[in-house]
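Each remark here refers to the structure printed beneath this line.
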Amino acid sequence: MSGTRAGGTADVGLIIAVKRLAAAKTRLGPVFSTRTRENVVLAMLVDTLTAAAPVSALRSITVITPDEAAAAAAAEFGAEILADPTPDGHGDPLNNAIAAAEHAIAGSFSNIVVLQGDLPALQTQELSEAIAAARHHQRSFVADRLGSGTAALCTFGTALNPQFGPDSSAQHRRSGAIELTGPWPGLRCDVDTPADLAAARRLGIGAATTRVVAHL
């Protein structure tokens, strides 16, 4: 399925990398069974895509994943689905997946945004504003709410050079990316831990995640 949408002013390709659901968000294990945790991860992806899809700057959405359920959910939004070629045991699987997606779409897009797929409180306007701010720089990023991680990495006319992983905010800053300083609380609230999920719920989470965590 093609992830390219019509729109004369849309000039950005969005990439979301999603790992296999069974291996994702293990730090949520203390509050969820394995099956529920997988459902939470999938629901957060759906809510992220629900917020991102209406952003007028986006010409395409590409989801790279080895997971069939995640791929099927993303396809419902018209996303281009790429099978993650990263082998098991790879030392840097997230950045490798992002680089593979960048290579796949770089021939069509010189402007690319990488977005985390675990942003259940994301608002469409936040992502629109962040992309507008990113246009003033060749390469920029949005830190997470704790200031240590990265919620989004944006490039306009240059390579992504993704540095996701531990202390990715500092890594992106050291690599020359400009930190974007807008408030955007939902964009900054990625969910890795029960505390992150509580913070997202205080902001207001999307319908898919709400259905899964309603019993908490």
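Cβ atoms are placed via backbone N, Cα and C, with glycine included.
Since this is a predicted model, take the numbers as computed values, not measurements.
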Candidate from Thr150, Thr155, Thr158, Thr181 that Swiss-Prot assigns to the same phosphoenolpyruvate site as Gly165, Ser168: Thr150
Sparsest-packed of the listed binding-site residues (Thr150, Ser168) - C-beta count within 10 angstroms: Ser168
Reduced DSSP assignment, Ser168 (phosphoenolpyruvate binding site): helix
Other same-chain residues whose Cβ falls within 8 Å of the Cβ centroid of Thr150, Gly165, Ser168, the recorded phosphoenolpyruvate site, in sequence order: Gly149, Pro162, Gln163, Phe164, Pro166, Asp167, Ser169, Gln171, His172
Around the Cβ of Gly165 (phosphoenolpyruvate binding site), the count of other Cβ atoms that are within 10 Å: 13
